[in-house]
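S.K.: Structure below; questions to follow.
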Amino acid sequence: SKSSMSACSGLCAFPSVLQVEKERKTGVNSAPFSKSWLYRHCSSVQQRDRQAQKAGQLFSGLLAMNVVFLGSAFISSMIFNHVAITLADVWILLSILKVVCLCWIIYYLLGTSRQPHAVLYRDSHAGPVWIRGSLLLFGSFSVLLNVFQIGYSVIQIHCKSKVEIVFPSIEILFVSTQAFFLWHHSKDCIQVQHNLTRCGLMLTIATNLLLWLLAVTNDSIHMEIESQLREVEQRLAGNETNLCACPNTTTCKVFQKGYILLYPFNTEYCLICCSVLYVMWKNVGRRISHHHAPHIKPKFKLQGVVFGPLLGAAAVIIGICVFMMYQIQATGSAPNRQVFVMYYSYYIVLLPLMSVCAVVGTIIHAVEKRELDTLKNPTRSLDVILLMGAALGQIAMSYFSIVAIVATNPKDLLNSLILSYSVLLIFQYITQNIFIIDGLQREPFVAAIEARHRRVSVLELGQEFRRVSLSYMHSYSHLSWKRKALKEISFFLVLCNIILWIMPTFGAHPVFENGLEKSFYGYSTWFAIVNFGLPLGVFYRMHSVGGLLDVYVSA
């Protein structure tokens, strides 16, 4: 039983300490003790526990893999043969998966999490405030997206199926329940019903991945419609024979435009949910030692930074102006060449500044004397994986652009700007990843101070506290420039990544609208490349903001 297993693990810990202490003093391995029945029995129980954990992770991973493959086959079949497999068929499959996930989430909320000794440990690193805030923000926009979709389908009810109304209704319920679940239970290290919880989490991850894949394909379809809208309007001006066309009413136009505009938020919501659910899956059955729990947790304070917020605010304001001018001119009937020059020039000025700041921050990390955090942390490991993986999308697009420009006409003004933009973007991604990953693996400055307090005896507490305080103030006077530099750099990069997230999220896609790569690779090929890289690039900017905030707080 689980109670006997925990008791056995407690008993097994005591003789292990005695054995280590005896070996340390005598230098001789205590072989007779290792042959005792209690030691062998406890070791076998712990080994079976580890094997059961690995088996549960393997089975739940295989379940998620099969669900993802099945859903991907449905979505791919819909893209290549939309007659045999329609969008309604894909919606029915995803609706079934969402209903199953909803049943499990409700069971977890009402049953599993309320059992005795279910949540004995909580991972302080999992589900930070900015992640849960992003979940609520993008979840709210996803709910609004489905409301617009329902309204648009109701107006077009004469040529829409009932599935197009039922699917977003289930989606609203799924998004709302999942956001509530992750907001309250993202830090749980559940200790009961391990296999059921792992399978439920993996099934929910697979469902979110399929929803992301479907959202990406639908968003690409809308991008295709928007890019070809000019010549269609010129050829069919005044032709209203299409019965499924949106009526010339304000309500229909609002639903249609809002439906298209809010799609990127849905893709971000699905990716964030996958990352949080994966951390919960890794934390199932995990026991966190109370000795490793931080007693002093760094908090976000806007103190000691001046130049970072000023430069970052200037970058955000200029970026918003550039974005508005781009949206006004690039979406017109005849896109102006100058608007692309202005757009890429803004990036060419900002990206080297961000790269230099990241390199300087990395050098400061190498110079300062902060120890590395070697404790096991699934959240930090996932952050590193997501930073490296999400960067691959934009880097791949940049290399494709470099090859297309060098092979055609690199001396043209616009082409040379795109070439410089692609090279600088690759360098900026690499330097920023190194800076963030190096900062995430460092111990916060307060950790060393708190560790010294733990070694102080009760009788010498007052004198030692004053001595440590004076020592801390003295060291702070010597290291303040490093801390301030790290805070300035981190805050500046946070604001820069925010504006670089806003621009592509709300519709600035010059890589698809300038026509260079599209004419070189062909419409379908370049469309697939952009469809892969653009969502990952948007997710990278948003995820790097969280990593930079962690670096800022730890400094």
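Keep in mind that glycine also has a Cβ here, set from the backbone N, Cα and C atoms.
Where the annotation comes from TrEMBL, it is an automatic prediction and has not been curated.
In case it's useful when we look at the structure, here is the feature table from TrEMBL:
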{"type": "TRANSMEM", "residues": "58-84", "note": "transmembrane segment"}
{"type": "TRANSMEM", "residues": "90-110", "note": "transmembrane segment"}
{"type": "TRANSMEM", "residues": "130-153", "note": "transmembrane segment"}
{"type": "TRANSMEM", "residues": "165-183", "note": "transmembrane segment"}
{"type": "TRANSMEM", "residues": "195-215", "note": "transmembrane segment"}
{"type": "TRANSMEM", "residues": "260-281", "note": "transmembrane segment"}
{"type": "TRANSMEM", "residues": "302-326", "note": "transmembrane segment"}
{"type": "TRANSMEM", "residues": "346-364", "note": "transmembrane segment"}
{"type": "TRANSMEM", "residues": "384-407", "note": "transmembrane segment"}
{"type": "TRANSMEM", "residues": "413-431", "note": "transmembrane segment"}
{"type": "TRANSMEM", "residues": "489-508", "note": "transmembrane segment"}
{"type": "TRANSMEM", "residues": "520-540", "note": "transmembrane segment"}
S.K.: Among 195-215, 260-281, 384-407, 413-431, which stretch has the most Cβ pairs under 8 Å to the transmembrane segment (130-153)?
M.R.: 260-281
S.K.: Can you find at least 3 Cβ pairs under 8 Å between the transmembrane segment (384-407) and the transmembrane segment (165-183), where each pair is 6 or more residues apart in sequence?
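M.R.: Not in contact, no.
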S.K.: Please work out which recorded stretch in 58-84, 260-281, 520-540 has the most C-beta pairs separated by under 8 angstroms from the transmembrane segment (195-215)?
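M.R.: Result: 58-84.
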S.K.: Below 8 Å between Cβ atoms, which of the listed ranges 90-110, 165-183, 302-326, 413-431 makes the most pairs with the transmembrane segment (346-364)?
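M.R.: It is 413-431 that shares the most Cβ pairs under 8 Å with the transmembrane segment (346-364).
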S.K.: Do any residues of this chain, six or more beyond the ends of the transmembrane segment (90-110), have a C-beta under 8 angstroms from a C-beta of it, and if so which?
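M.R.: Distant Cβ neighbours of the transmembrane segment (90-110) are 67, 70-71, 74-75, 78, 163-164, 166-167, 170-171, 173-174, 177-178, 181, 185, 196-197, 200, 203-204, 206-207, 210-211, 214.
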S.K.: Sequence-remote contacts (6 or more beyond its ends) of the transmembrane segment (58-84), Cβ cut-off under 8 Å?
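M.R.: 90, 93-94, 97, 195, 198-199, 201-203, 205-207, 209-210, 213-214, 217, 281.
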